[in-house]
Amino acid sequence: MAQAAQAAQGNVFDANSSQIQVEHDKKRRQFVIRLNGSHDRAVLLYEYVGKKTVDLQHTEVPDAYRGRGIAKHLAKAAMDFVVEEDLKAHLTCWYIQKYVKENPQPQYFEHIYQ
């Protein structure tokens with residue numbers, strides 16, 4: 001019954017689904033997942049703080065979508081970007097710190113300011 005109510009509200013969202021697409025808006029320096037069409041969005045914000053250094057600053061998922069693993073897709077995309085672009089990263093965002101701790105990839109640690 002609860003799922004039917006959520007479906008009616010359009011809040012049924014499977015974070016493990018292959019339909020999750022993370023968009024990288026380099027101009028606005030953010031990673032975005034569009035939820036429920038394009039109305040709701042989860043975002044991860046970053047800034048360049050040097051020529052080859054980024055600060056992963058903030059991750060935000062709308063309340064209705066929290067606890068579904070959506071932020072981990074943003075965190076993975078951001079860390080993969082840091083590795084692919086051979087950047088160094090400051091992890092200001094507590095969630096990114098948690099993600100890296102829970103997903104200890106050697107290539108991530110090589111690119112993080114400790």
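Every residue gets a Cβ built from N, Cα and C, even glycine.
Under the heading domain 'N-acetyltransferase', TrEMBL lists 23-113.
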* Asked: Within the domain 'N-acetyltransferase' (23-113), how many residues are helix, strand or coil going by DSSP?
  -> 31 helix, 33 strand, 27 coil
* Within the domain 'N-acetyltransferase' (23-113) only, compute the mean pLDDT. => 95
